[in-house]
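So that you can see what the record holds, here are the features copied from TrEMBL:
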type	residues	note
REGION	1-97	region 'Disordered'
COMPBIAS	42-51	compositional bias 'Low complexity'
DOMAIN	189-223	domain 'Zinc finger Sec23/Sec24-type'
DOMAIN	250-483	domain 'Sec23/Sec24 trunk'
DOMAIN	489-561	domain 'Sec23/Sec24 beta-sandwich'
DOMAIN	574-658	domain 'Sec23/Sec24 helical'
REGION	838-914	region 'Disordered'
COMPBIAS	874-883	compositional bias 'Pro residues'
COMPBIAS	891-914	compositional bias 'Polar residues'
Amino acid sequence: MSYYQSPFGGNTAGGPGTSVPVQSSPFQGGAPQMAPPPPPQAGHQQPNGPYGSPPPMPGGQHSMPAPTGHQPNVGPPRVPGQHIAGPPPPYASTPTNAVPGQIFKYVAPGPAYNQSPAMVQSPMAPGGGQILETAECDPELNAGPEFLRSSFSVMPASESTQIKAKLPIGFFCQPLAHTDRQVPVADVIHRCARCRTYLNPFAALNLQLRRWICNLCGHSNGIDVYEPPPEMTSGTVDFIATQDYMVRPPVPPVYVFCFERSYTAVSTGLVRVAATAIKDTLPSLPERSQIALMTFDDKNVSIFDLKSANGTEYVITDVDEPFLPKPMDSLLVNLCDDAVKATVNSVLDGLAEMNPPSVATDCCCVTAAVKMANLVMRHFGGKLSVLSCTKPIELTPSKLKKEERALDATSMIPPSSSVFKDMTSDLVAVQITVELFVATDNLHMDLASLAPLAKYTGGDMRYYPLFREAFRGEHLRQDIQHMLTRETGFEAVMKFRVSPGYQLKSYHGHLFQRTRDLLVAPNCTEDETFGCIVGVNKDAALLYTSSAGERRIRVNTSQYPKSLDVEQVMASCDAQAAAIVMGKYAINESRNVSDARKYLLDTTQAALAGPNARLENLSALPGLVLGLLKSDVFSAAGDITRDARAYEAHRFESLPITLGDALADPRMFAVHNLAGTRAGYPVEGDDSDRVEMPEEIHPLSAQSMSSDGAFVIDDGENILLWLGQSVSGQFLNGVFGVGSLVEIVTDLGSGAIVSTGDDNSLRLVNIIEEIRRERRHYMPLVILPQGHPQENRFFERLVADRTAGTQISYEEFMQRLGLRGQTVPVATAAGMAAFPQQHMNGPSVMPGQASGRRTPIAAPMGPPALAEGKMQGGPPPPSPPPMMAAMPGGYQQQTHPMGSTYSYSSGPNQSYRR
C-alpha cells in the first residue's frame, strides 16, 4: 500500500496498481495538460455592465463572478454518527490521460456518506472511432422537461453527423415554469474558475480531496464542503445570489397601466373591463409593489397624482417631448397607505364609468405614452401595461414611407415600420417590460410593427379582434389578472452554455440579445420560454429578482450522450420538440409565409428520407408539421388577416412545447354521450381539483364525427365546441337551457352554458375548466353550431382533412413525403361545411367505443388527390354556397343547401377568422 500527501492534509491510500500520481491527478491543482488560467491583473477592475447584468470578468468577458476562497458548508445536515475524519478508503483510479472536455461523473455513495464515491471515466471507443457516451449520462439527474428540453437526447458528435441528421438541434428553456416538484435551494455558489460553469450533478466531485472537476472544460476546482451540495442532486437548482450579482439593491415591483381613452376604447368596454380587472387584482400584488396610472388619446397623454385627495389628472399636450408634471413620489405610489389605496380605487372607478368622447378617432399617440412611462419608471424598471384599440399615429398611412405602405397589403411577416423596435433598447436599458393588450374594432393595427415593443422587452402581446365587452370581456379580464398574479422575475438576464465543440447559432423567444450569449428579459414569467439552435452539456442560467425582493439564480443543467452514428442520433429525436424548433426557426429566418412553408416541408422530407422513415419516434413528425402548415401562422389561406398572422407568429415564438404541440396536434373529445364513463367527474383518490377527461378522438377528421354529436377541440388557445344539427334536445336543454340550435347565443361563450343542475351541463363545465387548468391560462369557449358562419374555424383544426389553407390531407401529405404508396380519399373542410351529414358516422356508435371506427354512411366528397409536388394549390373546391337573407334585429337567415334554415345572432365574430 502506497500513500501520497493530500493537499488538504492527511494521507490518501491506494492499493497496488491503483496508486494515483500526485502531479497527474485532475483533482490536484488543475486539469492535466491544461495551463492554469492567468491571474487577474492587479488594480484593474472593469465597471459593471448595464441592464442589471453581473459584473464582467477579467479580460472583458461578461459573466457571473465566482466566489473567492473556501465556501462554508451547504447541503443537508450530516447523518448522526457519520464518520468523515481519517484516511479515506481507496478510490478508483483517476485516468492520467484526461483531456479537456472529457466527462467524469460523481456517483452517489448511498445513504451513508462515509462510503466512498467513485470517479468513473466515460467510455471512449478505441482508436478514436465511434463515440457513444451513454453510461455516465443519467437522465434522472437532468433538469426536468418542463424546465429544459432538447430536440435530441443523443447529440451528433461531429459536424458531418449533424448535417446528415437534417433536423436542427434546438433547446427550450422555461426557467420559471410551474412545477409540482421542489426545486433545491443553495445559499453558496460554486463555479468553475475557468469557464464559469456552475457545479452540477455531472461534474466530478471528490469529498475527501475537496475538489471537483468541471464537466465542460475539465478544470479542477477547490470546494470546502463535507457533503454533496444541493446542486449535485438535481439538474435544476436555485442559488441565493450575493451582492456580487447585483448592480443595485433589489427594487420593488413596479406596475404602470396606460389606458387608451378614445371613443372606441370607451364605447366597446375596453377601459371598463381593464379598470375593473386591475382594481380587483391589486390586493394580490406583492406588498412592496408601486403603481402609476396613465391615459392617452390621439393628441394628449395624462397622468394621475395618486397622493392628492381626488387623484388629480395632469394632461400633457406636448406629445413629442413629454415630461413629468409632479415629483416622482406623487405619480408612482405604494398601496400600503390606506389613503393612497382609496385614491387609486377612486381613479380606477372613474375610468370604468367615464363617458366616451364625442368624436371618434382612428389613431392614438401610444408612442408618447410609452416615452412618458419611461420617465416614470426609469429608476426602478418594472412592467408597463398598455391597453389600446386604435392604430398608433406613426403607423397611419400618412406617416409611412411609400415602400412601407406597399408592404401593408402583403402577407409579409416582417413589420412595415421599425419605430417601435427602435424604442426597445432604451426600455431594456432601464429594465422595463411592455405588455400589450390590443382590442380592435374591425381596424387594421399593423401588429407586425407594434409587436416588437413587447417581444424585445420580454413581454407579451394579446390580441382581441372585434372586441366587445359581452363578447371578449371575460377573456381580457382573465388575461389581465393572470399577467399580474403569475410568478415573475424582475431585472432578469439569461445565459446559455454548451460543451466544447458546439456553438450557439440563434435564439428565439421574447428577449433582447445583448451579446452573443447574454440575453436580457427585464421581466421573466412562468409562461416565458426561451430557446436556441445549437450548431452537450447544456447549461441555462437565469439571474433575476423575485417579487419578494430576493436576488436568485435559476440554473438548469442537462447532459446528453453523443454519437457519430446518424441512426442513433435520429432514433433519439423528440418529434414534438423538433417540430416546434422547426416552426420557430422558420418564423425567425423566413421573409414571407411561402419561404417558411417551403422550409418546413423540405426539412421534413429530408429528415424522413431513407431508413429514418422506419423510426418509430419520428412517426408523429409528419402530422405535427402538417398541423403547423394548417395553423394561422403558416397557413396559405387568403382570409387570414395580416394582424391575425402577426399575432399568431408573435405568440408562437415564446410558446412552450406543450402549447406548441396543442397548436400542431389539437385534442378532440366527444361531450354529448358521457354516460357510462367518469369523464367530467373528479379523479378518484385525488385530493386536487383534477377532473377525468373524455377519451381523445383519432384521427382528427370529419369521419370521426357524427351529426348528432357535440365535439370539443382544444388547440391551446381556444376551446371550440361544435354542435351537430341532430344533437338531442335533452342535451341542448340541459346545457344551454334552449330547445334548438338557433336559440343559443353563441357570442356569450361560456356564459351561454346555464346552471340547471343537469349532469351534462356540470360535466361539460368541469371538462372546460380542466382544459384551462392544464393550459394554465384562460381559453375562451367558442360555440359553433352546425351551419354557423364561423363553423369552418372548427373544421380547419381537423388536421387529417383538407383545409382551405392547405389543400392536402394527411394521407396525401404522407404520399408527398414519399411515405405512402396510395392516397386515401377523405372529407374536406369545405365539403364538410356544405354537406356535413354525408361525412359523419351514424348516431348509434361513437368513436372510441368498442365497436371501433365505422365507414361513413355516404361516400366522402372533395377534390381528387393533388398532383405530386403541389402543396398549396388554388382556392378551395367549389361547394353550393348557402343563401343569406338579411333579417331585422341584427340577425341573418341562412338557408342550408340541404334544406334546413337557421338564424344566428350576427355578433362581432361573424366576419373574423382566427
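Backbone N, Cα and C define each Cβ position, glycine as well.
Along the domain 'Sec23/Sec24 beta-sandwich' (489-561), the predicted structure has mean pLDDT 89. When the domain 'Zinc finger Sec23/Sec24-type' (189-223) is classified with DSSP, helix, strand and coil residues number 0 helix, 11 strand, 24 coil. Under DSSP, residues within the domain 'Sec23/Sec24 beta-sandwich' (489-561) fall into helix, strand and coil as 0 helix, 48 strand, 25 coil. According to DSSP, the domain 'Sec23/Sec24 helical' (574-658) comprises 61 helix, 0 strand, 24 coil.
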